[in-house]
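Shown next, in structure tokens, is the structure this report addresses.
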Amino acid sequence: MVNIMNKDRYLAIATLVIVGILLIESGDIPGKSSWQPYGSAMYPRFLLALIALLSLVLLVRSFLTAKPATPQSTATFHSLAGWFRHYRIIIALFGLFGLYALLLPMLGYLISTTLFMVSSQGLLLGCDTRRKWLINLGITFTLVPLVYAIFQYGLNVWLP
Amino acid sequence: MADSFLQALLAVSTPGVLILIIIGVLFGIIGGSIPGFTVTMAILVVFPFTFAMDPISGVALMIGVFVGGYSGGIVSGVMLGIPGTPSSITTVYDGYPMAQNGEPGRALGIGMLASFFGTLISIAVLVFFGPLIAQMSMHFRPWEITGLIVFALTLVAGLSNGAMLKGLLAALIGLFITTVGLDRNSNLRFDFDLAFLSSGFEILPVMIGVFAFTQLMGNIEKLKEETHQDTQAPDASVNIPYRHIVRDIGQQKLNTLRSSLIGSLVGALPGTGGTVANFISYDQARKFSRHPERFGKGIPDGIVASEASNNAVVGGAFVPTLALGIPGDLPMAIMMGVLILHGIQPGPLMFEQNPILVGAIYASLLLGAVIMVIFQLLLVRWFARISQIPQQVLVPVVLMLCAVGSYALNNNLFDIWVLFGFGIIGYLLWKAGVPLTPLILGVVLGNNLESQVFRAMELDDSWLTFLTRPLSASFFILAAVSVVVALIQNRKIANKLSATENG
């Protein structure tokens, strides 16, 4: 099966869909008052129209300048599983950060940040040797309290 | 102005502010010397620490990072052959061979002194041209400011890695992001009935999310490719031959001046920055040299041209930011964010309304340059060691600091989600080949652009006025020309590439 999608087409279609949703949402913006030359929706709608126009140009251009698919270009991410395998570390790191943001208000800065630092360093550095564990824990237990102290006591910024 | 500068110098010379400049310079050098970390990342990491500071202290710290950051790239460039920042790529061409020939101390020393003189000359350019341009732009009305912002955005979009269309798309997305939330007439826009969207997005978490996540994830991707490459540990026993490097620099007066002026000029142009300055200066130095054949083999001329120009970008980049309120590149966009956060709107009025702060910027640059050269020369062996910090450790640390910084802005957990959300959006856009600098510039300039458009329409509701006022029309014509020129250049590059592939 030939994959007809490429980066430009994904980008153009996703942008057009989002622009469509935002244009519908712009219907909720109050209309112009008697003293305004234009309403509050005019400027963002103008921007959305330009974004849609450029996305359409990108989409059309992607068909006009399309190169024939080579086995090499289609082989890398033949399936969704292949894509996930290639980007597994990136996805995992984004996931860990999302989890960190979620846990921060529940567990507080010290615990949630310690968990994030240990897990993300473990993910990137590995945890197969004693040395790696020492580096991981050393950095975590030095930096996490240090940043807390600087913000809390030096800058008077309260962390959760 | 002289009185204000004196007052500013006194304000900056207090022990507290001096310590902040020293910390900033040290952190900047460290940030610049770690390959893949970049000056921009160093600035973003330090930014949150300025929240609780007064404007002069905050700006002094940030300027320290700027000055140190642009000079830090030389360390890994000379010692490892890997430029610490993109703006020190051409430093490697001659710095690394000179180090390989047994003179790493000489290469580093020449580069550090050139960085110092480059910064000094760029400060002179800023002091001379900043107020002059601000004076001229005092006559700008909303039509002209609108035209200028549009011109700056198209120029940056056009210079974004040959992706004109995507660059413009990015700039428009950036402008649109600022329309979320309450507008100037207190009407809610795109809040989707969610209370936390009613005040829109803060600039800082958006900028950090888009830039930092993309940069860090990109570094992780690179790690995979580089796993099999051996990195050579730097020789920490490097010694600087002081007499020799002073003699070297003495023979490079014209080269230093020319490269510094090129750096200042390029820095003042939107969308260019240290990398462009680096290449132009290096090329010019080779053209003017009596020994062009020695370039790339370890000639001092190449190191001087490269390092003087990339540090001169600092002062030059401040000219449009302070005088016009238009940042030309990413680090300056963040610097403008710092000023806005502290309640200062950069622009022509800044020179009249905040002369002491403007003087403090000059003084901080000056002191930062002196501190930079002293610390670089004294602590070079330590910087060489620090430049070896692995990305596997660096990435989680920076992500953590980004989260804390975003939260500290308003003590609001929603800002961490904004950071995260825009981190994902930025990464996906980057993977789709969308340049992110125009997007960030759009976010920084978005509110001002909308405000100027509406002020213009309130004064005269005809759109044609944008094209009938000579200066405003000139900016729009320049914007159109920059788009056309970029399109032609992109077409040429594409044709060359396809000819290479076919031939």
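Cβ atoms are placed via backbone N, Cα and C, with glycine included.
Please treat TrEMBL annotations as automatic predictions, because they have not gone through curation.
Proximity of distant same-chain residues to the transmembrane segment (B:17-47), defined by a Cβ-Cβ separation under 8 Å and at least 6 residues beyond the stretch ends, is recorded for 11, 53, 56-57, 60-76, 80, 82-88, 204, 207-208, 211-212, 215, 219, 222, 274, 330-331, 334-335, 337-338, 364, 367-368, 371-372, 375-376, 383-384, 386-387, 389, 391, 394, 398, 401-402, 405. Look at TrEMBL and you will find B:17-47 (among others) tagged as transmembrane segment.
Marked as domain 'DUF112' by TrEMBL: B:18-441.
Counting same-chain residues at least six beyond the ends of the transmembrane segment (B:59-82), those with a Cβ under 8 angstroms from any Cβ of the stretch are 12, 17, 20-35, 38-39, 42-43, 46-47, 49-50, 53, 88-89, 91-92, 95-96, 98-99, 104, 107-108, 111-112, 115-116, 119, 231-232, 234-235, 238, 274, 307, 310-311, 313-314, 331, 335, 338-339, 342, 357, 360-361, 364-365, 368-369, 371-372, 375-376, 380, 383-384, 387. The transmembrane segment feature in TrEMBL is assigned to B:59-82 (among others).
Feature annotation from TrEMBL assigns transmembrane segment to B:107-130 (among others).
The annotation transmembrane segment is assigned in TrEMBL to B:142-159 (among others).
Taken from TrEMBL, the feature transmembrane segment covers B:194-214 (among others).
The transmembrane segment annotation in TrEMBL covers B:322-344 (among others). Beyond the ends of the transmembrane segment (B:322-344), by six or more residues, the same chain brings 39-40, 43-44, 47, 50-51, 54-55, 58-59, 62, 66, 69, 126, 129-131, 133-134, 137, 148-149, 152, 156, 203-204, 207, 211, 267-273, 350-351, 354, 357-358, 361, 409, 437, 440-441, 444-445, 448 to within a C-beta distance below 8 angstroms of the stretch.
Within its own chain, the transmembrane segment (B:356-383) has Cβ neighbours under 8 Å at 1, 4-9, 11-13, 17-18, 21-22, 24-26, 28-30, 33, 55-56, 59-60, 63-64, 66-68, 71-72, 74-75, 105, 108-109, 112-113, 115-116, 119-120, 122-123, 126-127, 130, 236-238, 240, 242, 311, 314-315, 318, 322, 344, 350, counting only residues six or more beyond its boundaries. Residues annotated as transmembrane segment in TrEMBL: B:356-383 (among others).
The transmembrane segment annotation in TrEMBL covers B:389-409 (among others).
Here TrEMBL flags B:416-446 (among others) as transmembrane segment. Residues 149, 152-153, 156-157, 160-161, 163, 166-179, 201-203, 205-214, 217-218, 271, 326-327, 329-330, 333, 336-337, 402-403, 406-407 of the same chain lie 6 or more positions beyond the ends of the transmembrane segment (B:416-446) yet place their CB under 8 Å from a CB of it.
For B:466-488 (among others), the entry in TrEMBL reads transmembrane segment. When Cβ-Cβ distances below 8 Å are used as the criterion, the transmembrane segment (B:466-488) is approached by residues 140-141, 143-144, 146-148, 150-151, 153-155, 157-159, 164, 167-168, 456 of the same chain, each at least six residues removed from its ends.
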Selected stretch (most C-beta pairs under 8 A with the transmembrane segment (B:194-214)) from B:107-130, B:142-159, B:389-409: B:389-409
Per-residue pLDDT averaged over the domain 'DUF112' (B:18-441), given as an integer: 85
